[in-house]
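What TrEMBL lists as domain 'RING-type' is 21-66. Taken from TrEMBL, the feature domain 'B box-type' covers 202-244. Per TrEMBL, the feature domain 'COS' maps to 351-408. Under the heading domain 'Fibronectin type-III', TrEMBL lists 411-507. Feature annotation from TrEMBL assigns domain 'B30.2/SPRY' to 492-719.
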Amino acid sequence: MEGDCVESLVTIKNIERELICPACKELFTHPLILPCQHSICHKCVKELLLLTLDDSFNDVASESSCQSSPRLRVQSPSMDKIDRINRAGMINYSGWKRSSLTPRTTTFPCPGCEHDIDLGERGINGLFRNFTLETIVERYRQAARAATAIMCDLCKPPPQESTKSCMDCSASYCNECFKIYHPWGTVKAQHEYVGPTTNFRPKILMCPEHEMERVNMYCELCRRPVCHLCKLGGNHSNHRVTTISSAYKTLKEKLSKDIDYLIGKEGQVRSQISELNLLMKETECNGERAKEEAASHFNKLFEVLEEKKSSIIKAIDVSKKLRLDKFQTQMEEYQGLLENNGLVGYAQEVLKETDQSCFVQTAKQLHLRIQKATESLKTFRPAAQTSFEDYVVDASKQEELLGELAFFSNGVDIPEINEEQSKIYNKALISWHHPEKKNKADSYILEYRKISREEEMLTWSETEVYGTSKVISDLESNSSYAFRVRGYKGSVCSPCSREVILHTPPAPVFSFLFDEKCGYNNEHLLLNLKRDRVDSRAGFSLLLAAERVQVGCYTSLDYIIGDTGITKGKHFWALRVEPYSYMVKVGVASNDKLQEWLHNPRDISSPRYEQDSGHDSGSEDTCFDSAQPFTLVTIGMKKFFVPKSPTSSSEPENRVLPMPTCIGIFLDYDKGKVGFYDADHMKCLYERQVDCSGTMYPAFALMGSGGIQLEETITAKYLEYQNDM
């Protein structure tokens, strides 16, 4: 018998990990069952909902949570009373201000599975208490304090050890007190009693939705007990339900089978545990071996660097010694020219020789030496250089290679940045793929850095990505950036991809749409619902009236402008012209010039009239270099036409360029400049002065068939999100 108690104690202690609340990491206290079927302490749910308790409920909660004094437990209200207080509306579970039009928020992440749990309008009131888990926790507590007896709650001091606990009275009694408070022939004599315990729970599980109804059915869809009112007209009216007894029998059979299966697999589990222990030891050994191999590779690098360092320093020392020796010899020669020193002193002594033959014999060589020294005074040149510029070590490439050192595995393909899908506008969208599509990575590290002449080696910025594209913000205008990506599979990474260099626009992106009101000709132009694309159907009415056309006729341009004006600063926008377009003009124009174009009558039959200049074409050549309140360039037939200017060639063929896929326009309002760019490569094709004395608008004109699509800014919709498992 004693052995059975010891075995039971060991068993109950082994399940401690199952009795820990995932939120507070302590033993469960009044656990509640969440919709995701995880349990959590009642107090933890309140904390997660940012519950603000009133003073009276704080007193109730503090007394009900006291487990140390059995005598106090008699006066303290039970959990059922706390539930009744909750239902009475004493608690605002949302924790936020609310009004009749604003429903309270009762959503929080489950600490067990991290899924968002919505408790609905009833909040905590709609949750069941997990009485089974409470009983197991209490049984565990009793096993943990087996030597501590449960004392009688009604005895006068000193209390006697209790022998039974009444589930109806929620109190423990010794034999004498039980007879006194449960006399024969009274209703209390019929109360249910059990062995000494501190865990009291109601006999009947009541429905949290309908407080006076006991649960007698089980909803198979929601996996929770319900009452008959829930099935008749409540939230479970259309759900499949079964009786509690049937659910009890089914679930008990399943649980028993699961337990029997696990018990039958105990040997297999133990074998797998042993295998895991061996794998842990093997991992420990392999990890240490990998560290040693990595250290060995770095030691080899250190040896190479030390050898290079020694040879380079030795070469510098040899060169330094040679130069110092030359300087020393030259200095000694010059010191000899000083009086009473060296050559001068020796020459003075030779002059004292009176024998002519002896003097001539010595003086000739001495004269040559003095003459050479005199010439060196006239043209002084140091015997060696002081600079060691030839001995400067350029380690920039080696530093970059060393910075790229990483684990390499043939099991991870090298990703490649897709230059066609990658673009840079208001932000940068970088996309990549695997050429082989066999061994894809689980995650990626996208690196980027600004390319600057002032700072040759800027550090790489990194961002972790779980998809195959990433939007990069906060890039500086008019700057070049290098991008590269590497893949990770577990702890192993691939080498970096080839670098791709993209150039940001020369100014912040200016967002606007086509204006459907100001001067918009809906007979000739077709505007889509998003107002970011316009198509020209001009000329259709002329074709219908072709029978009346007997002589040459000059048609006009159909203008459309942006719905937002510019009054200061630098702005950039981009657009795409359809390749089939016959003639399209794009640029900027002031509000006054637009009023003139859109509202003044025009003599369109005059062959001298040219609408992009605003005056007779005959006078255009005389004032093309003066600042005008507009600038438009012509695009058509897959060509980009550079307007005439003092710097451009007079030959027409030299002013015709291939039409860029994407055309950018840069307006510097403060400096009065407008530039036209190949937006894919951020290359300026044409630039000129423009009079920005008024409000400037993006201006467009079409003649014949054609289409213009405004470039869409890069937004978060380009991001790829990881699927929630």
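Placed from the backbone N, Cα and C atoms, the Cβ positions cover glycine too.
Heads up, TrEMBL stuff is auto-annotated, nobody curated it.
In the domain 'Fibronectin type-III' (411-507), the DSSP tally of helix, strand and coil residues is 0 helix, 44 strand, 53 coil. With DSSP classes pooled into helix, strand and coil, the tally for the domain 'B box-type' (202-244) is 7 helix, 11 strand, 25 coil. Assigned with DSSP, the residues of the domain 'COS' (351-408) fall into helix, strand and coil as follows: 35 helix, 0 strand, 23 coil.
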